[in-house]
Amino acid sequence: MDSTIGSQLQTCKPSNGMLGNPAQNGATILDSNAPPSVVVADATLGRHLARRLVEIGVKDVFSVPGDFNLTLLDHHIAEPGLKNIGCCNELNAGYAADGYARSRGVGACVVTFTVGGLSIINAIAGAYSENLPVICIVGGPNTNDYGTNRILHHTIGLSDFSQELRCFQTVTCYQAVVNNLEDAHEQIDRAISTSLKESKPVYISISCNLPAIPHPTFTREPIPFSLSPRSSNKMGLEAAVEAAATFLNKAVKPVIIGGPKLRVAKACEAFVELADACGYPIGVMPSAKGLVPEHHSRFIGTYWGAVSTSFCAEIVESADAYLFVGPIFNDYSSVGYSLLVKKEKAIVVQPDRVVIANGPAFGCVLMKDFLQALAKKVNRNPTAFENYQRIFIPDGVPNKSEPKEPLRVNIMFQHVQKMLSSSTAVIAETGDSWFNCQKLKLPEGCGYEFQMQYGSIGWSVGATLGYAQSVPDKRVISCIGDGSFQVTAQDVSTMLRCEQKSIIFLINNGGYTIEVEIHDGPYNVIKNWDYTGLVEAIPMVKETAGQKRFAMKKS
């Protein structure tokens with residue numbers, strides 16, 4: 001991540017600035033953008049929510065307007081530290097908030113009731129699967145409509161307004177329905193703090209008639225937002241470290257492999273600290289690419305079973321002890337559960353739990369604390385890495401393309417590799433791009449993101465928009481297949497509108513290549529577009545009549 005939100009929300013990637021300051025009592029106060037004293041005219045729910053978003057590090061909110069959220073959007077636009085990014089559809093707004101959260105540590109989106117909420121819910125489910133704190137805000141029904149048995153538009157025709165809430169309950173860690181002003185302050189703060197603590201999305205529904213109403217709750221400058229730090233059980237931590245060190249120090253050729261939960265545990269720096277101390281070869285699970293430094297002197301590649309990078313699987317699977325840090329062993333990452341690793345040789349470290357071989361298990365032990373303490377106890381053992389050096393053969397260079405020869409994928413990615421630096425980031429779309437981008441060698445500081453757990457095609461277009469908006473100093477390079485691109489292509493126009501400098505490599509395979517490899521059929525063929533013509537159809541033109549009208553109204 002490129003920015004951190006206080007000491008409790010420190011991130012896995014190099015930061016470009018601290019957004020929080022430690023409080024004297026050990027809590028984290030997120031007050032770098034603390035708003036000025038509130039005047040009565042601004043003492044509204046809408047402005048309070050906008051200020052809270054700024055306070056936790058959100059500078060851009062991704063939205064689609066609808067009649068239930070228009071007043072709320074007015075208050076977001078009026079907040080000096082917050083920019084509204086209008087998206088072409090709700091799904092992309094959610095994907096953009098997902099991409100934004102990956103780099104800034106938290107993201108936010110605003111949609112309208114039911115038609116907007118149920119449209120964005122797929123993106124929120126993806127953020128949930130990837131442990132991303134996304135604040136999903138929905139403009140809800142007027143408070144005067146509750147309990148009236150009325151049927152509202154944008155619903156399925158029932159007087160029960162809870163359908164959207166019930167849907168979101170399965171893909172968010174907290175839900176707040178704000179339909180009165182008395183406890184709105186508490187509901188909003190609890191939702192935001194829960195999202196940050198759990199590193200999961202939350203749902204906030206705000207009745208459409210409330211954002212602009214002044215209320216005494218909001219007349220004072222808000223109390224600085226704070227999060228109490230989590231800590232390990234001291235005795236449990238000591239026992240876990242002692243047991244792990246004993247296990248690893250007996251091994252002849254141990255290895256260490258980083259997994260995707262390094263992000264949610266905020267433990268990437270602690271992982272490197274342990275790697276430096278132990279001398280083991282360092283591998284990374286495919287879903288954690290970008291979280292483990294590939295420029296490290298003992299990095300051996302991606303461990304992905306039969307499709308691992310060259311010689312990585314041989315070293316991992318021949319080890320007599322492996323330390324998996326933050327793994328997710330699903331059918332994707334385990335290549336259909338075919339990994340040749342044995343439980344009795346493994347230590348598995350999760351964000352708040354450590355399991356050693358077939359037992360024992362230690363709960364209430366935070367990953368960061370465990371890795372830092374283990375680094376002081378483990379013996380240095382470079383044996384497995386020395387074995388890797390003996391068998392390693394550098395990758396070959398693809399044959400050059402002949403004039404007028406069709407462009408090959410390996411040639412294209414050779415050029416992509418040369419573009420990577422500390423000022424770039426890679427977004428890999430679900431499918432064929434997963435495998436090709438896994439082969440890229442990331443230089444220090446180069447970002448990398450993809451959605452392996454949920455694997456929703458089309459995710460990368462919105463994620464590129466959100467990620468690029470959060471890190472304007474980086475150039476985002478996205479690799480997207482034509483099938484995925486056609487799902488969410490509209491928001492390329494939003495990238496142009498925001499004057500982003502991203503590069504999209506659109507890999508035109510004439511359909512869903514990854515599905516062809518699994519099971520071919522006529523349903524995997526799609527209509528070929530004139531993709532360059534599509535982009536030319538959305539040029540940077542002069543402002544529209546609507547934009548002129550709004551500018552005149554503001555002045």
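Note that Cβ sites are derived from N, Cα and C of the backbone, with glycine treated the same way.
Keep in mind that TrEMBL annotations are predicted by a computer and have not been checked by a curator.
These come from TrEMBL:
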BINDING   D482, N509, G511  Mg(2+) binding site
DOMAIN    44-149  domain 'Thiamine pyrophosphate enzyme N-terminal TPP-binding'
DOMAIN    241-359  domain 'Thiamine pyrophosphate enzyme central'
DOMAIN    451-514  domain 'Thiamine pyrophosphate enzyme TPP-binding'
Response to the item:
Mean per-residue pLDDT in the domain 'Thiamine pyrophosphate enzyme TPP-binding' (451-514) works out to 94
Discussion item. When secondary structure is assigned with DSSP, how many helix, strand and coil residues does the domain 'Thiamine pyrophosphate enzyme central' (241-359) contain?
Written reply: 38 helix, 26 strand, 55 coil
Worksheet, complete the sentence: Ordered by sequence, the long-range same-chain Cβ contacts of G511 (Mg(2+) binding site) under 8 Å (at least 6 apart) are D482, G483, N524, V525, I526
Fill in: Neighbour count (Cβ, 10 Å) for N509 (Mg(2+) binding site)
16
Practice prompt. Specify all same-chain residues, apart from the site residues D482, N509, G511, whose Cβ lies within 8 angstroms of the center of the Cβ atoms of the Mg(2+) site, ordered by sequence.
Written response: G481, G483, I507, N508, G510, Y512, T513, I526
